[in-house]
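K.L.:
Have a look at the structure that comes next, please.
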């Protein structure tokens, strides 16, 4: 093939012993052809030896040709010691061959052959034999030979000496065979090849060099990536697990030849379509395709310990390989064998028939399926959306007993789930082949370094599509796409190459951005110093330099960064076992706002106010548990994207931290996408052309975060399309559903072009990136496969088009501004224009809608829940006050008939939630030891005690109500801090929660700031484990 070599016994054999892939490090090492330098080299040793032995004879005939000198040597010396002379001559000749450089330099220093031969020798001349004293028959050699025959000891020594000389001769003979041996190498291996003859070797070398000169795999690519830039690509972004898993299920149904799956965590029992149907459960679907003859290859990350990383990859492996013999699974090598304990294989990849590929931040596992509404509650036992382990809240307790997938981990009436926001993408055509090649490299590398009890095959990469093939199958679009990755010696077996092309792509996108950068990521740790450990990835440097440049040039530029409120690890922040949470929060604080190396400090040194150019946000939701108990939880942001100027989008699995960006740590994948289909738009009020793919993705995300019902928008546009172009009847539910045209979420409605995956032949010729609207089957009898589910959450806001946004009263507080506590002042509810997301920099949108909504929602959550983390919580004392207030939601309300209790936020109550399912196998579940206040005081004895008599000023007595009017039954006295809330207090809280605008809140940059300044934030135990584990 044009991009790889296959090692087989004979041509045409199907059994492959290894696969050699061409890459940027490909090189052909020709042999050093000592024996092809000419016959003069063969006589060089004899000439020099004869010169040393007979200087006079050699000087007498200076004009004799060097090639004939061997035949004019006196016969006496050869006749006297024929065997010894020939052996020494051969050794000398080989010695001169391997020291050819020094011999050439010696000869080149002589003016002529005559002068060099006549020059006096540095070594003493060997005396000539005198016939009068040494007769030939009594020569010393003859005498020694006779003595050795008579002396057995001497004879044994001679035999050993001859054996050693024979070994040296055989070794020299092997070296002489290098004239038909050569080497080829790539980033993973160095292969020795031996041809049958020199002519065949020359043909091999010429062919390999010709292929290397024309192959794009051997060229250096942009960002230092292994893959080239692909043009005319059809790709589609997929926001949240519902759309991602729906499209994955459709693609798996179409598989005909082979399926590649690579995940950090895989749950065989997870449902790809909800409510759950057995034939759409992942293991059932893979078993069905395996029985049809499809080969399924799976690579799983092998966790260091199931207690630290509870993914139980061995259970997943045994479960899958037990389904059918066509399913084969490999786990990454044992960490004890490789000595790599800190890093992980973090890619998320699914490739179907080398034609359709899915990548991004979504693992095929529990806890990832979610909708744009991000519901917290799922109490319907008859038809649950999240069954068993899929109903999860890692902030309460981590996963356990994964071999019992149908068993709940919590009491659903008391503990909310933690919503999961994620982003992936689907790609067809040439980039799918690049992702397939990456999987093949990983699979074959694991085969080389691991010992398997079962025979597993080496995989061959699929050849590149030809342009005519892509056009014929309608697999073309208007996007420009390149696959990047983080890969190094431990993860990919490349000892001399570390690929950090993802970081390079992030840096270049930020540097070349003209106006706006939008980032969603699970972490934000970059370009700082934490406990004398330097964080080396340069994404933070790129942001600072770009802001300084914008400030100096006076051009509008802004970065909008959305990250989780807290890392997704169990235990409250003040718990002694919450080291991972505190260390990550410390690293992020040092990156953003604290210390001389933080982004805010570096900008202020330049005279720049950080809030003018960069802002940080998070997501939070709320719901009602059993007994009308209010609850809240963060919406965990697991997406890893960057959008620059609505022109370039980077979607992948790489976090913004050292582990993902360095290349030699966690292995990652990402796609750099630029749409050549440009649409007219505005940026900072000026005309500006943007790419359709990136623009629609950014608008879709911002609409979701501000509470716009994106499903309703899809439904409206789908109805309009179906009215204009009636579609065929829906197919049977077990058959892949009729393809849906992607919905345009931008302000202008372009022509819709279809991405058809069901028949395997049609694909999108459009660059529309909006995902199709998969449905929730079984929600109602009238729901069809082409009707998206409607939002039923309390945060549905769909303002009429054209409604003018209102300006907010008061000055919004900035990140890292004054040190005062932020008082909860009542701000007017921002009005969201569904079609007002075109320009992210105009003040009418960014300040009056986006920023205003974030601060408005933050104030409401502060008044109602006192949710943690918060900018008003700067000390452990205030932290305990907030925790005690949150605990009040778990107490029985006076009007509650049922004694049901509810765990509200993840920082409240005890170390173990009352609603956590009891199990002896749960590694992270401890016994109930009382309230969080007692725990924090036990773990931090230096914390002050709370004044129990203090009455919290939590609620505004004149709170605006929506949909109902509170009844005034006379004077209302707030409940005491150690008592449950009164009924009127709960009603007022719910009324205020009804004023929320989506899920957007401000990321707290002053959380426990006073303790951090006093070096009292991190516990002593937090510094035991090395920092690279967390950063």
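Glycine too: its Cβ is placed from the backbone N, Cα and C atoms.
Note that the structure is a prediction, hence the values are computed from the model and not measured.
Just lifted these from TrEMBL, have a look:
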- 77-88: compositional bias 'Polar residues' (COMPBIAS)
- 108-125: compositional bias 'Low complexity' (COMPBIAS)
- 763-775: compositional bias 'Low complexity' (COMPBIAS)
- 777-789: compositional bias 'Polar residues' (COMPBIAS)
- 818-829: compositional bias 'Basic residues' (COMPBIAS)
- 941-951: compositional bias 'Basic and acidic residues' (COMPBIAS)
- 954-967: compositional bias 'Polar residues' (COMPBIAS)
- 341-368: domain 'PLD phosphodiesterase' (DOMAIN)
- 633-660: domain 'PLD phosphodiesterase' (DOMAIN)
- 50-178: region 'Disordered' (REGION)
- 726-838: region 'Disordered' (REGION)
- 894-980: region 'Disordered' (REGION)
K.L.:
State the residues, same chain only, that lie 6 or more residues beyond the ends of the domain 'PLD phosphodiesterase' (633-660) and have a CB under 8 A from a CB inside it; answer 'none' if no residue qualifies.
P.N.:
237, 343-344, 346-348, 359-362, 368, 374, 376, 393-395, 416-425, 484, 486, 502, 505-506, 509-510, 512-526, 535-537, 539, 562-566, 568, 587, 618-622, 666, 668-675, 681, 683, 688, 690-691, 693-695, 697-698, 840, 905-906, 999, 1028, 1031
K.L.:
Quick one: mean pLDDT on the domain 'PLD phosphodiesterase' (633-660)?
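P.N.:
Averaged over the domain 'PLD phosphodiesterase' (633-660), the predicted model reaches a pLDDT of 97.
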K.L.:
With DSSP, how much of the domain 'PLD phosphodiesterase' (633-660) is helix, how much strand and how much coil, in residues?
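P.N.:
Going through the domain 'PLD phosphodiesterase' (633-660) residue by residue, I get 3 helix, 14 strand, 11 coil.
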K.L.:
Over the span of the domain 'PLD phosphodiesterase' (341-368), count residues by DSSP class, listing helix, strand and coil in order.
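P.N.:
Counts, helix then strand then coil: 0 helix, 10 strand, 18 coil.
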